[in-house]
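A short write-up of the structure that comes next.
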Amino acid sequence: MQTFLKGKRVGYWLSEKKIKKLNFQAFAELCRKRGMEVVQLNLSRPIEEQGPLDVIIHKLTDVILEADQNDSQSLELVHRFQEYIDAHPETIVLDPLPAIRTLLDRSKSYELIRKIEAYMEDDRICSPPFMELTSLCGDDTMRLLEKNGLTFPFICKTRVAHGTNSHEMAIVFNQEGLNAIQPPCVVQNFINHNAVLYKVFVVGESYTVVQRPSLKNFSAGTSDRESIFFNSHNVSKPESSSVLTELDKIEGVFERPSDEVIRELSRALRQALGVSLFGIDIIINNQTGQHAVIDINAFPGYEGVSEFFTDLLNHIATVLQGQSTAMAATGDVALLRHSKLLAEPAGGLVGERTCSASPGCCGSMMGQDAPWKAEADAGGTAKLPHQRLGCNAGVSPSFQQHCVASLATKASSQ
């Protein structure tokens, strides 16, 4: 790996807080020891002057959100960043901006999980029913909740999945509690899970599962309890001690998540969006033992992932090797877009713990049609088959193309 990486240039843009939290300077030093040059990008200057760049690592979530609020400075920064990417298709970007926009929107990311559920066939995974509330609760709110499969209690979250406010949530137990909900927000069925959350930190083909405290069990159905407002970040800290996480007793099923399920879930998300650095929050339904994805995060904190820098360096090597192989075979720069979107070339270097791609997974899927099909109802509206989320051998390019077209592109236009 040292010989291959020598002379490569990696640019990064992270907030100062993120740099300190990750101790990212240690990663820069690790890269330099491999003969790579690491450049901290200044987006207030033309990126062209700071290149050439083989790889860009970024967390532009704050900037993207501010740009979406029409902040002129942030709009200029995002435009400058996108302009450089468009002019340099050979540069690997971790991760694509349209995908980040999708993950910043809980409604869109939950819809993506639901689409993956419709594509895969496995009873080990369930997608909690959800819906978006765009206006204050009125007479038809309960009807809409029932139509979308929501029952009390349910959890209410901000639509935006980033920033301090994104951790502010509420558990609603009855119709009266709906009056305190401030739209726009996303409501999601609460699933009892014996107060254990599994945070899956993904770096390309590698992932690490970290166990965290979570909300205790609550009785199913409507009750006269007052709504509970809480900060999920505080509840699920490693050292968290809260009355909300104190479990009276373990009820029903209590087991760890399946490695096979996590592998297939992370692979599906990587190939649907072209992302490499993300987190998946998973709970285990204590009645069925099924895995439920309750959140997806872009470039999380990786707390508890001791090999994060090694995994990241290995992933960069994997992607660059795949790009080099594609170029040698075709000589076509346009295909670099495809290699970056997949970001899972066969035979690459992977992290020490778990590889979530089988040998040749991407090459073997080229040219296949996705088994996932959309049904149409009488009115011509596409309707998803009612299937559990599962673990097929791989996700085909046509499924990837479908998800990117219907979600990421839509997100980038907003």
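Cβ atoms here come from the backbone N, Cα and C positions, even for glycine.
Summary of the site annotation: Swiss-Prot records 1D-myo-inositol 1,3,4-trisphosphate binding at Lys18, His167, Asn297. Screening the candidates Lys147, Lys199, Lys249 against this entry identifies Lys199 as the one listed for that site.
Between Lys33, Lys108, Lys340, Lys373, Swiss-Prot assigns N6-acetyllysine to Lys340; no such entry appears for the others, which is not proof they lack it. Checking Ser127, Ser396 against Swiss-Prot for the annotation phosphoserine singles out Ser396. Among Lys216, Lys383, the residue that Swiss-Prot annotates as N6-acetyllysine is Lys383. Within the list Lys8, Lys17, Lys410, the entry that Swiss-Prot describes as N6-acetyllysine is Lys410.
Of the candidate binding-site residues, Lys18, Lys199, Asp281, Asp295, the one lying closest to Arg106 (ATP binding site) when CA atoms are compared is Asp295. With respect to Asp281 (Mg(2+) 1 binding site), the closest of these binding-site residues in Cα terms is Tyr198, chosen from Asn189, Tyr198, Ser232, Asn297. Looking only at the binding-site residues Ala195, Tyr198, Ser232, the one with its C-alpha closest to His167 (1D-myo-inositol 1,3,4-trisphosphate binding site) is Ser232.
Long-range Cβ neighbours of Asp295 (Mg(2+) 1 binding site) (same chain, at least 6 residues apart, Cβ-Cβ under 8 Å): Arg106, Ser109, Lys157, Ala161, Ile280, Asp281. Asn192 (ATP binding site) falls outside any helix or strand according to DSSP and counts as coil.
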